[in-house]
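Features of the protein shown, as given by TrEMBL:
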{"type": "COILED", "residues": "191-218", "note": "coiled coil"}
{"type": "DOMAIN", "residues": "1-89", "note": "domain 'Vps16 N-terminal'"}
{"type": "DOMAIN", "residues": "94-150", "note": "domain 'Vps16 N-terminal'"}
{"type": "DOMAIN", "residues": "174-262", "note": "domain 'Vps16 N-terminal'"}
{"type": "DOMAIN", "residues": "359-480", "note": "domain 'Vps16 C-terminal'"}
Amino acid sequence: EVLQNHVLEAKVFHTEYGTGVAILTGAHRFSLTTNIDDLKLRRMPEVPGLQKPPSCWAVLSQDRVTIVLLAVGQDLYLLDNTSCSVVVSEPRGSSLPQEKLCEFNSSVRSPPKQMVWCMRPRSRQRAVVVAWDRQLMVVGNSTECIQYPLGKRGAVPGPGQPPTYFSPLPVSAEASQEIFKIASMAPGALLLEAQKEYEKESQKADEYLREIKDQKLLPEAVSQCIEAASYEHEPDTQKSLLRAASFGKCFIDKFPPESFVRMCQDLRVLNAIRDYQIGIPLTFTQYKRLTIEVLLDRLVLRRLYPLAIRICEYLRLSEIQGVSRILAHWACYKVQQKDKSDEEVAHAINQKLGDTPGISYSEIAARAYDCGRTELAIKLLEYEPRSGEQVPLLLKMKRSKLALSKAIESGDTDLVYTVVLHLKNELNRGTFFMTLQNQPVALSLYRQFCKHQERETLKDLYNQDDNHQELGNFHVHSSYS
């Protein structure tokens with residue numbers, strides 16, 4: 001059905017099983033999976049008389065049950081595993097919620113493209129994020145809103161421009177809530193207070209510590225502070241929590257430092273990419289799900305090469321996994337710059353890359369060739385130490401004679417045979433023989449090949465060379481055969 005009717009809309013949602021995805025097909029049918037890591041697509045019941053996409057729909061998941069709620073005109077439908085039922089049949093039906101959180105007039109005449117709930121983890125403050133093509137509003141429980149322009153004002157999105165899309169994310173900030181809620185007696189909250197009192201040189205620090213120690217909850221308090229730091233976006237709050245964790249570690253015998261050190265590293269990386277000049281505001285959970293490799297790929301796609309390299313060096317990633325790969329991407333981007341000469345680009349790339357392990361100059365040369373810069377590709381191949389990588393690309397660029405020279409320099413007879421046979425198919429017979437005359441090594445190897453595979457071609461080679469001695473031997477040998 002999806003192949004025939006395509007997917008009109010898709011929504012990401014979160015369940016106890018993991019991340020789910022629901023789709024609306026061109027046949028106006030809903031299908032969903034509650035866990036993309038264990039893909040089992042479930043088709044929902046049909047909505048009676050649905051001839052066009054609903055004006056809006058949402059996926060709700062609670063107590064291991066997932067349902068789809070959709071609006072068609074003034075009616076509200078609920079789809080579960082077995083049936084489709086009408087929730088509201090009248091515009092002012094008694095089953096509508098009676099409580100009104102707030103009322104806000106956006107003054108925008110066109111309907112929004114998307115609406116998403118937004119909540120702050122440590123408060124009950126709620127808001128709705130409403131998006132149009134070129135405008136985003138955050139509306140809270142007041143008569144005012146926060147507005148953000150999307151793209152250039154008045155501009156029309158081009159065919160290749162992706163739409164803005166919002167997805168609500170789950171925030172598992174239990175540790176953070178436990179520490180910061182009013183009058184909290186959680187171990188992490190007491191440890192945070194102890195550290196603050198210690199900085200003031202107050203004896204209360206000892207009182208708080210004794211209370212945690214007496215309950216033997218100091219390791220839990222340290223772990224709670226480390227975990228809570230991951231959910232905070234303000235560096236000052238992060239530092240405060242990590243200082244408390246570091247303070248608490250001093251009073252624990254053999255506390256494993258890995259979790260603390262790793263959190264410090266992760267938060268430094270996250271704070272760097274959350275900077276407004278970079279603009280990738282990932283949560284800690286997203287960062288861990290994505291993995292550092294995917295994050296580096298995103299930085300590379302945005303051409304943020306210096307930051308990507310600094311992160312690799314800071315996390316001490318292997319060169320092949322980190323710095324080398326990023327430099328290779330940078331070089332492939334560099335060859336596309338048309339404002340500099342081939343010599344300048346080749347020199348700049350070699351100066352930056354040098355003999356860095358894991359770098360393939362042939363791959364960069366291939367990108368240059370694909371961009372129509374054949375001479376630059378040849379110059380880059382001069383820096384490629386592996387002849388086996390140079391030769392195939394030279395043949396692809398129809399630089400067969402140069403490929404033959406490189407193959408002979410390598411001393412790899414198989415590589416020479418590959419080029420010679422390529423030349424044989426590419427050139428006419430006379431030109432082919434003349435080319436071999438200028439390369440004694442290649443000619444000798446081709447003679448060996450002909451002795452075993454093409455005896456008649458061997459006679460032509462001797463004729464070409466006026467080699468009467470070998471020509472006589474050839475006829476004698478033939479007569480015996």
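The backbone N, Cα and C atoms fix where each Cβ goes, and this holds for glycine too.
A quick note: this is a predicted structure, and the numbers were derived from the prediction, not measured.
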If I take every residue in the coiled coil (191-218) and average their pLDDT values, what number comes out?
89
Which residue counts does DSSP give the domain 'Vps16 N-terminal' (174-262) for helix, strand and coil?
65 helix, 0 strand, 24 coil
Within the domain 'Vps16 N-terminal' (1-89), how many residues are helix, strand or coil going by DSSP?
4 helix, 46 strand, 39 coil
